[in-house]
Every structure is written in C-alpha cells, then in structure tokens.
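Annotation comment: TrEMBL describes 32-61, 63-92 as domain '4Fe-4S ferredoxin-type'.
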Amino acid sequence: MAVPYEKIPFAGTVPSPQKENEGMITGSWRTRRPILDAEKCVECQTCWISCPDSCVNLMTEDSPITFNLKYCKGCGVCAEECPVGAITLVPELDFKD
Ligand code: SF4
Ligand code: SF4
C-alpha cells in the first residue's frame, strides 16, 4: 500500500517534506555544527539536495542558506559536497546555545 508523503518520517527519503516529525529529531546526536561562510557561498543548492535529513533551508532574508539544528545531526555531508568549501563543521562545545 502506498504511503502518502506526509506520513514519511522527516529523516526519510523525501527531499522536501511538508512538515516536521517530532519523533525523528536527530539534532541531539550532533557533536559538530555546520557553519556557513556566506561570502564563499555561490547559492548552488548542492547542500540542500545533499542533506540526508532535509535540514538545509534555502534563501532567508539574512542568509543564502540556514540549517535546521533541530534535525541536523552534524554528519558533514553538506560540507563535503559544497563545491566551494563554504560550510565548516565546528565542535558543539564551541557554542553556548
Ligand atoms: S551536517 Fe549538513 S548534511 Fe549533515 S545533517 Fe547537518 S545540514 Fe544535513
Ligand atoms: S553547497 Fe555550498 S555554495 Fe552551494 S548553496 Fe550550499 S553552502 Fe552555498
């Protein structure tokens, strides 16, 4: 039986799920946090398509991308795939929040 997209867990296989799933929060796994260097970013969206947890958000007023830290598990795929090295993984212990 087909499963409607809205029933698939947030960390599933849909690139842009329409809603979050509180049962699939993966942010607490993270030991490193992705940080964007907006000066380097060329807005190619490779990080957005590459994130296995669909937690790269595109185009806010302040930044070409942002990370949904509730779900980002710090795997570093976005940083590896970024063609211009605009994403750096920084240890969580360096942050106060
Ligand atoms: S580190 Fe990057 S690829 Fe990995 S979950 Fe976080 S935003 Fe997604
Ligand atoms: S992959 Fe790199 S250059 Fe492309 S949008 Fe993401 S941060 Fe910017």
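Count begins at 1; order follows the chain as displayed.
Any Cβ shown, glycine's included, is placed from N, Cα and C.
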DSSP helix/strand/coil residue counts for the domain '4Fe-4S ferredoxin-type' (32-61): 5 helix, 8 strand, 17 coil
Segment confidence, the domain '4Fe-4S ferredoxin-type' (63-92), expressed as mean pLDDT: 95
DSSP residue counts for the domain '4Fe-4S ferredoxin-type' (63-92), split into helix, strand and coil: 6 helix, 8 strand, 16 coil
